[in-house]
Amino acid sequence: MKKKYLSMLVFVPIASIMLFSNSTLALDNAAQSTSSSSSTGTTQPAASTSTSTSGTSSTGSSDSSTATGTAGTSDASATGTSTNSAAPADTSTLSLSLDDAVKMVETGNSTIKLDDSEIKVLDKQNQQDLARHDAHAPVVDEDSRKDQDLNYKRSQWSLDNAKHQRDTDLKNLRVQVTNEYENILNYQQEAENYQTQLNNLDTQIDKMNLQIKLGLQIPSAIYALNAGKSGLEAKQKGVLNSINSEMLTLKQDLGIDLNRDVVLTSSLVPFTKFDDSDLNNKIAKAIQNNYDLQKYQQDIDISQIEYEIDMVFEDSMSADQVQLSIEDKKATLADISNNQLVQLRSDYNSLKTLENTVSADQLTVEADKINIDVMQKNIDAGKSTILDMISLQNTLLNDQFTLQQDVNSYMTAAANYQNSLDD
């Protein structure tokens, strides 16, 4: 034992030198290891450091392990983030027909996605309530009685209502998207018409400049044409801004990347009158099949069960509140059919008003075309100028645009009215 001890003393200076050298090398290696670990996200060196430190101090082990674990987690997280980066957005041009746009509502619209999420939550709740009901656990208090007789019915009622609301939202959004699509087409048509006018006006300006150059016209004769061109360009820019605004709204409703180019491939939907034949029977059937009648009646029945449970367990405060809610629901139920009848009649009258507006617009457009024909004859006879024709053409463009907008409004109202009858 003493020999060993003396041997150790002899080697102390040498060991000290070696320890100093090894410590320096260890520090260099540790720095390299740390640098390598940070760049690659490898956690094995950190684990080794934690193990060797634990033999010296339990406190140091805890701190070192925590720090190392944090670094490793951070590195792994950073590596994972770069590895699982989001897929690049689709920047290709999307050719979109009206039929495709209507179909995309169900998969891309945010409202429908929220409806689907709500349905999943309510369905899960209903499954849990059904499981408690089917378990037939002993009834020991008010809550266990409600688990047995009430909660699964209430959650099923909520689930059914959410599904019906989704169907209603889907139908309404499809009508809305159709209207947006048609409005964009109408704006695009107006922009093209303005461009045609601008091209015709450029031709007249070139002719006028030639006449001025030949001395057949005074220089100021071009001013009116240039002013007319500026006015048309301003109107065209306004229409193009409207196209961009409507297109953004359409993209949002369909869940399309706002930066993606979209080309509409369908044509304007022609004006079609709403089929109001046998309307009284259609209204009567709609009232009879109104979903709200079923919804409120079921709500009353379920609330009645809740009231009876509260009474059995002498929860008088809750019972009184439930009883008041039942009376309110009965009053609402009694008014549903009458209110629906009034609403359907009112909406139909509004629809007929729009139909009359479209008819008046059509007559106005026909009158504009007649005025243009007359003006062309006056220009040919030298009685009028091209500027007079431009004014009439502007009037025709505006009236055609108004006609198509009113047609879109009518078709939208007709689709919504049909949904009201089918609901």
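Cβ coordinates are placed from backbone N, Cα and C, and glycine is handled just like the others.
Here TrEMBL flags 1-26 as signal peptide.
According to TrEMBL, the region 'Disordered' annotation covers 32-91 (among others).
The feature compositional bias 'Low complexity' is assigned by TrEMBL to 32-89.
Mapped onto DSSP classes, the region 'Disordered' (125-148) shows 18 helix, 0 strand, 6 coil. According to TrEMBL, the region 'Disordered' annotation covers 125-148 (among others).
Within the same chain, residues 98, 101-102, 105-106, 109, 111-112, 217, 221-222, 225-226, 228-229, 232-233, 235-236, 239-240, 242-243, 246-247, 249-250, 253-254, 264, 266-269, 386, 390, 393-394, 397, 400-401, 404-405, 408-409, 411-412, 415-416, 419 sit at least 6 positions outside the coiled coil (170-211) and bring their C-beta atoms closer than 8 Å to a C-beta of that stretch. Marked as coiled coil by TrEMBL: 170-211.
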For the coiled coil (170-211), the mean pLDDT of the predicted model: 94
